[in-house]
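S.K.: Let me give you the structure first, and then I'll get to my questions.
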């Protein structure tokens, strides 16, 4: 335990920085605007970003292993489309959910296999996956399909009251369960430790006799599964399926993971950091909407600037380690 | 060299034959008001921005980099020019606007170069910053509106004709210029050297960092000119949609053309073929009558096919053909 506490500062520094940043942005908001520092605003952060939390959790696995997944936004769109089209065709809800999750995981599996078996860069393979998933959306329908299924709508609008009058949706609970599961897998299973090892140094991991192949493919399956699940949450949030949903969401997810302190080179990072990263992005959006006169495009600029700062800090950290 | 271009050439030929079968009128050319019209001319005209951006991307990829920000840079160029032109209709304002836009793009390129060569950040991530923030900047310039202009000299850049569309003439001129400066001087070899091994080339006396800065600036300026074409073609600046996903098309064109994403050898002719293939593919999907959005599925199939053909492991696995002994 003592060894852990002495190690704590440097290992957790990036995550701590993100948490501090979240506290700061939130503090600024509370200082400036009445009603900002309410439980409901915090709850809304989770409600509005539940799908992003799930995406970022999946993306964390991929980036930790030293890869990248550009297809997640498109897989979210495809999932909303399959959900909407499936429900419209009269499929039972459980079947739709299973279909969506299987499609997402299969896409991830295929991309992972191509990346691993043929040694092609993850960037270009997942780019192809991104095209494919978006194209498939439009094969189903070019128009937006609204979801009219009553059970689905009930789940979407159902609220859970927490002590203190704060309400959340089922989306939030699912997102938090995903984060907990990700934490468990990363830190308490052999697979999770192998993910860190592969990201740290693939050659060494291989020489140590770790199952690098299974791990490298596995992270893309996880990311695909998370994207599909995020797509289901997004359908609950939007109540429609559309091929142009979630355009650019892969960038938000990557940004959240990077701001959360995960090194893009792989091997270092935490799911909780990614969660904090999503909350920072959400707070910035909330701040800008509270401010009222600043336009929404400032969000993009601020996220870009934050991304830059965190990447620059990462470079500094890596140089220091060498 | 010839061998590497064989596959892209075959692919382009196959696409053109497909068009001939489906729409026989595709190849008919006619001259009207001194302009050349026809399916092939449309391919050239619409493919000009992609070709231009792909040229810049080729050099960036040759140095083992990648530039994701080109779409956003293109949007910024269009936005700046249109805002500068405003309601004016005279040539001077148009040229001043375009000059300002291109200088700004060069600065954005310097910024990318600084992140990649100066700070040593991975290119994908370094340019991701501008890709994210760039659209915001473009929105800021246009204040979130779609700015329409009515300026004839400006309209010529993207929609004008000198028998052939002016846009493709510009792109081909840039292609010629790049071919001359990189293939008739040592520059091309130096770029390839940096891509093969930056550290070794630095030790050999190549100014690797300067070269990296240069290619990013060049890529950004190319993106800027392409942005001018896109916004000039519709006489409007749309910060959200101008050049959307064009970075993907450009990367695709480069990869189809046989330039490896791992850096090193590059082929400008290959990039030209790649850009033509992509545009022909898009046009073909249109003419066949499939929803244009479905093009993405075809593109995905093409990317995977091309990557598999290029990947040494895949070749070995399929014993597709003997790995070329260069």
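A Cβ is built for glycine as well, from the same backbone N, Cα and C atoms used for every other residue.
Note that this is a predicted model, so its numbers are computed, not measured.
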S.K.: Look up transmembrane segment in TrEMBL and report which of A:275-296, A:297-318 it refers to.
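M.R.: Within the set A:275-296, A:297-318, TrEMBL attaches transmembrane segment to A:297-318.
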S.K.: Check each of the ranges A:195-216, A:217-238 against TrEMBL and return the one annotated as transmembrane segment.
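M.R.: Among A:195-216, A:217-238, the range TrEMBL annotates as transmembrane segment is A:217-238.
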S.K.: Which range wins on Cβ pairs under 8 Å with the transmembrane segment (A:45-63): A:93-115, A:122-142, A:217-238?
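M.R.: Ranked by Cβ pairs under 8 Å, first place goes to A:217-238.
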S.K.: So, taking each listed stretch (A:12-33, A:122-142, A:162-186, A:217-238) in turn and counting its Cβ pairs to the transmembrane segment (A:93-115) that are under 8 angstroms, which one gives the highest count?
M.R.: A:217-238
